[in-house]
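Participant: Here you go, one structure.
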Amino acid sequence: MPDALVFALEEPQDRRFMQAAIRYAMRHVGRTGTNPSVATLIVRDDGDGRWPRIVGRGVTALGGRPHAETVALAEAGELARGATAYVTLEPCAHHGRTPPCSEALVRAGVARVVSAAADPDPRVDGKGHRMLIEGGVAVTPGVLAAEAARTIDGYLTRHRRGRPGITMKMALSRDGKIGVRGGGQVKITGPVSNAQTHLVRARHGAIVVGAGTVLEDDPRLDCRLPGMADRSPARIILDPNLRISPQMTVAQTARAVPTMVAAFEDADPARRAELAAAGVAFVACVADPDSGRVALPELLEDLAATGFTSLLVEGGAEIAASFLSAGLVDRLILIEGAIEIGEAGVAAPVDIATARERYQLLRQDVFGGDRWFEFACEGA
Ligand code: AOF
Ligand code: ZN
C-alpha cells in the first residue's frame, strides 16, 4: 500500500481521537492553577478487525497535578505497550514535582504519540517531543493544534503576555442596556443561558467585578451548577477606595470562596481590617495617572504573578469599558436577552452589531429566548 494512502486513512482517526481528547480536557479548564488542563487518551488498535479502543484516559488533576499522561498511563497499565497516546499538549520533559511525562510514555512502551498544542514553557518547548523520539516513540505533532490551544488560552496568554487571559461576559437587553442605574439586579437572561454562564465561571480562575456591581447587586459570584459547587472561581473586586462593607455577600462568604479586593495602599485601614477579619484578601493596586482609576496592566501583571491564568470580567459598565478600551479583552461573550429596558437603562459599552464588525465570531447559540455570541478579540 503506498504511504500516501496510509496517511489518508490515518488522519481522520487521529483527528477524531484528538477531538475527543480536547473535549475531555475542557473538564478541568480553569481549575488547574498555573498548569494548563490537558487530556490524554491511550488508544489501542490491534488490527484484529475490532475498532480501536480507548484503554486509558486522563485529564490534568484539579490543582494541576498529577499530569494527564500519568493518570491515563495508570489506567492503561500494560495495555499502553504498543498503543497510541493522544495528548492535547506536548508532553512535558522536565523534572518538576513529578517526573517528565515524555519519559513515562517511553517507559510504558507507547508506540506513537499524537500531540496537539505546543508548550511555550521553556522547560518543555520541543524538548518533550525530542525526548519521545530519542526514546523510539513515533511523534505526530500539531494535530488540531488551534482547537487545543483554545482550551489553554489563559495559560498561553500568561506565558506570552505576562497577564492572565481575559474573557468578558455581558448580558444585554434587546435594546442594548445592561441594567438600570440604582435599580439593583435586573433579570435580562433566562435560566438556560444562566446555566451556561455558570459553566463559563467554572472555567476561569477568577471573576472580576467592580465595587459598584457589588454595592448595587450584592451578588454571590459563584458557580451554582448542581454538583459543581467546588468549581467556583475566586472573586476579585476592584474597589480601590474600599467602598464595600463586610456585610456584603462576597465578604460574608469569603471563607468558602477565595475573595480578593484590589485596593489602593492608602485606602481606609479600619475598613481593610474589617474585611480582612471576614477572610477577604488584598492585592495592592496603583492609580492610572490619567484617569485616577485602577491601573489595569499593572494589576493584571501582579495577578499573573500570583498564579491567575484566566479572568472572567463580569461588570459593571465602567469596568467593562476600561478593559475594552485598553485592549485587554481576549474573548467577549455577549448574551442578548428577550427583554427591553428602555430609557432608564445603562447603555452597554459594546453592542452586538459593533462586536460583529470588530471581532471574530467564534460561537453563536440560542438558549431559550436568549442569543449567545462569543467573539475572539484582536490581540488575543
Ligand atoms: C503535561 N501534562 O497534564 C500538564 C502539563 O509544575 P509542574 O511540574 O506540574 O509542571 C508544570 C508544567 O507542566 C506547565 O508549565 C506545562 O509546561 C506542563 N503541563 N504537561 O505533560 C499535563 N498539565
Ligand atoms: Zn507532564
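Including glycine, each Cβ sits where the backbone N, Cα and C put it.
From TrEMBL, here are the annotated features:
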- 12-139: domain 'CMP/dCMP-type deaminase' (DOMAIN)
- His67, Cys92, Cys101: Zn(2+) binding site (BINDING)
- Glu69: active site, proton donor (ACT_SITE)
- Ala171, Thr213, Asp217, Leu221, Gly316, Ala317, Glu318, Ile319, Ala320, Ala321, Ser322: NADP(+) binding site (BINDING)
- Arg201, Arg224, Glu314: substrate binding site (BINDING)
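Could you place the listed features in the three-dimensional structure?
Facilitator: Counting every protein chain shown, the number of other Cβ atoms lying within 10 Å of the Cβ of Cys101 (Zn(2+) binding site) is 31.
Neighbours of Glu69 (active site, proton donor), defined as other CB atoms within 10 A of its CB across all chains, total 32.
Secondary structure from DSSP puts Gly316 (NADP(+) binding site) in coil. Within its own chain, Gly316 (NADP(+) binding site) has Ile178, Gly179, Val209, Gly210, Gly212, Thr213, Glu216, Val346 as residues 6 or more apart in sequence whose C-beta sits under 8 angstroms from its own.
The secondary structure of Arg224 (substrate binding site), as reduced to three states from DSSP, is coil rather than helix or strand. Its Cβ taken as reference, Arg224 (substrate binding site) is surrounded by 13 other Cβ atoms within 10 Å in the chains shown.
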Participant: Using an 8 Å cut-off from the Cβ centroid of Arg201, Arg224, Glu314, can you name the remaining same-chain residues around the substrate site, in sequence order?
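Facilitator: Along the chain, the qualifying residues are Thr197, His198, Val200, Ile207, Arg220, Leu221, Asp222, Cys223, Ser232, Pro233, Leu312.
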Participant: Could you give the Cα-Cα distance between Ser322 (NADP(+) binding site) and Cys92 (Zn(2+) binding site), in whole Å?
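Facilitator: If we compare the Cα positions of Ser322 (NADP(+) binding site) and Cys92 (Zn(2+) binding site), the gap is 37 Å.
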Participant: Including all protein chains shown, what's the count of other C-beta atoms within 10 A of the C-beta of Arg201 (substrate binding site)?
Facilitator: 24
Participant: Starting from the Cβ of Ala320 (NADP(+) binding site), draw a 10 Å sphere and report how many other Cβ atoms land inside it.
Facilitator: 23
Participant: Quick one: give me the count of other CB atoms within 10 A of the CB of Cys92 (Zn(2+) binding site).
Facilitator: 26
Participant: With DSSP, how much of the domain 'CMP/dCMP-type deaminase' (12-139) is helix, how much strand and how much coil, in residues?
Facilitator: 45 helix, 27 strand, 56 coil
